[in-house]
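Novice: Would you mind keeping the following structure in view while I ask a few things?
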Amino acid sequence: MLQQIRGPADLQHLSQAQLRELAAEIREFLIHKVAATGGHLGPNLGVVELTLALHRVFDSPHDPIIFDTGHQAYVHKMLTGRSQDFATLRKKGGLSGYPSRAESEHDWVESSHASAALSYADGLAKAFELTGHRNRHVVAVVGDGALTGGMCWEALNNIAASRRPVIIVVNDNGRSYAPTIGGVADHLATLRLQPAYEQALETGRDLVRAVPLVGGLWFRFLHSVKAGIKDSLSPQLLFTDLGLKYVGPVDGHDERAVEVALRSARRFGAPVIVHVVTRKGMGYPPAEADQAEQMHSTVPIDPATGQATKVAGPGWTATFSDALIGYAQKRRDIVAITAAMPGPTGLTAFGQRFPDRLFDVGIAEQHAMTSAAGLAMGGLHPVVAIYSTFLNRAFDQIMMDVALHKLPVTMVLDRAGITGSDGASHNGMWDLSMLGIVPGIRVAAPRDATRLREELGEALDVDDGPTALRFPKGDVGEDISALERRGGVDVLAAPADGLNHDVLLVAIGAFAPMALAVAKRLHNQGIGVTVIDPRWVLPVSDGVRELAVQHKLLVTLEDNGVNGGAGSAVSAALRRAEIDVPCRDVGLPQEFYEHASRSEVLADLGLTDQDVARRITGWVAALGTGVCASDAIPEHLD
């Protein structure tokens, strides 16, 4: 049946029996396709019936359907004509793992940062009103996890003040990655129990009204009592007191019930909350049994067992997790903060070992950072573990709440650099540029597991300002020993005997192996190269300046945007010191990159050892001749 669905119009004639059959087929399709490619399996298994109902009730794309975060949009993609492309999911040139405006007119928003859908919806509804399109509804699908983010409530405050037709579907599965926390989660949990309360009141009403003569009087009295009790106790007041109509809770796996609720909301013609209760991982036993994350995001798996088909090696995240626990065992002042992602950021084990020292603040990066400032003011040393890309959301708090007060807060930035298959909004290529303008901050980029442990310990010893460590996604390679340490930097390679000190190659973090491979290629061309790891990238250390004056050219190699990154910091430091050494930056052009594997993205950008060696050869030739001619660059430097 799924093969016959080319667009939402094909759903309109289906019977309830056919819809149930289609839902089962969609789940089977999801399990086998995502098992092959990896992706967000659990969230999509949980929204099958909800997405069917959305596309039967609303006229997409005339009525925009905006999925907050977007990782639960696979079913939406299938129902809008993209089922045949799922073999390419998250692969280079293939189907994006998130909504994509380039793929379909049904996809309005493609950023995968949470809690933004309601603001998009508010703006679209205003635009439709001002341009005379008053017959268009805007639908925002937001999870209960995203409702822990303050941006949702800023948007609700504005939406509620209007009569614009915005339908807010709360997909309540009790989780983001981990179980949803906080007061909003408690309110939603209570709302799930409301049907029994309402049913009991309705039964009592019928019995009282049946009493001869006085039944009606008693009914009116009890109704007023009920209203008073409900006004003081009913948790849907969280929404209705804002002026929002509330519908629900609705069983999110009963397509007909969801459809009835959505049609009611559509007729209302003003802002409505439709509360839909779903189960993440629905219909797939391995996901339902995964208590930690219900298979929120998976690598390729065996669909029969749910087990990964490839065993991963030691990872950066796991190395950080073990190191932090080791330091915390010795120091009771170390606490940790996560923004709803304890598992992905390596804090689950920390929380199990020190349950009173881990704070999950929900999807609230701004609050996380200022709460960390408060913890530091109280004499503790907080470690905020966060994906690099989500650090963007807390920049003002880093600057004004942490750095201004010179507070010892350590930020651990996972998934720094190119992450690959999740696309542009997950690449962590902005952090060095942002943090480079924060007064007093120290930023480290470890090259291997041993350096991660060392530099984390050094960060935890800082008591007069913020620190940050950044490392990429994936496996951590073998340790790289230093020849020596000079002025705080590790010298990893020196010019071979008989070669000049031509190039100082500054390798940032996990790009150290590439830098060593580049140096080997250049040595084979007779170019002398010194490779250093500055360890602490910001501020630029004296050792970098001391070594720079001994070389003819300085090149930085980094997995950050070249605008304002490590290369910019080094160049500025040399200028301030009046060191006249030519500098070149090799890093990420300041662009948004489509999804592909990390190695594919880097290769497309010319960030391979061969390509980098060719560029440096050209620069060295230009320094010798005064002209940087392309024919001076060998095609192959093997």
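Quick reminder: no glycine exception, Cβ is built from N, Cα and C everywhere.
Got these off Swiss-Prot a minute ago, pasting:
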- His71, Ser112, His113, Ala114, Gly145, Ala146, Asn173, Tyr284, Glu365: thiamine diphosphate binding site (BINDING)
- Asp144, Asn173: Mg(2+) binding site (BINDING)
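Walk me through where these features lie, including what they touch and how far apart they are.
Specialist: Taken residue by residue with DSSP, His113 (thiamine diphosphate binding site) is part of neither helix nor strand, so it is coil. Taking a C-beta cut-off of under 8 angstroms and a sequence separation of 6 or more, His113 (thiamine diphosphate binding site) has the following same-chain neighbours: Thr69, Thr389, Phe390, Arg393, Ser425.
Under the three-state DSSP scheme, Asp144 (Mg(2+) binding site) falls in the coil class.
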Novice: Please state how far apart, in Å and to a whole number, the two most distant Cα atoms are among His71, Ser112, His113, Ala114, Gly145, Ala146, Asn173, Tyr284, Glu365, the recorded thiamine diphosphate-binding residues.
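Specialist: The thiamine diphosphate-binding residues span at most 32 Å between Cα atoms.
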Novice: Rounded to the nearest angstrom, how far is the Cα of Asp144 (Mg(2+) binding site) from the Cα of Glu365 (thiamine diphosphate binding site)?
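Specialist: Rounded to the nearest whole number, the Cα-Cα distance is 16 Å.
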Novice: Distance between His71 (thiamine diphosphate binding site) and Asp144 (Mg(2+) binding site) at the Cα atoms, whole Å?
Specialist: 14
Novice: Helix, strand or coil by DSSP: which one applies to His71 (thiamine diphosphate binding site)?
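Specialist: Assignment for His71 (thiamine diphosphate binding site) reads coil.
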Novice: Once the chains shown are all counted, how many other Cβ atoms turn up within 10 Å of the Cβ of Glu365 (thiamine diphosphate binding site)?
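Specialist: If we count other Cβ atoms within 10 Å of Glu365 (thiamine diphosphate binding site), we arrive at 27.
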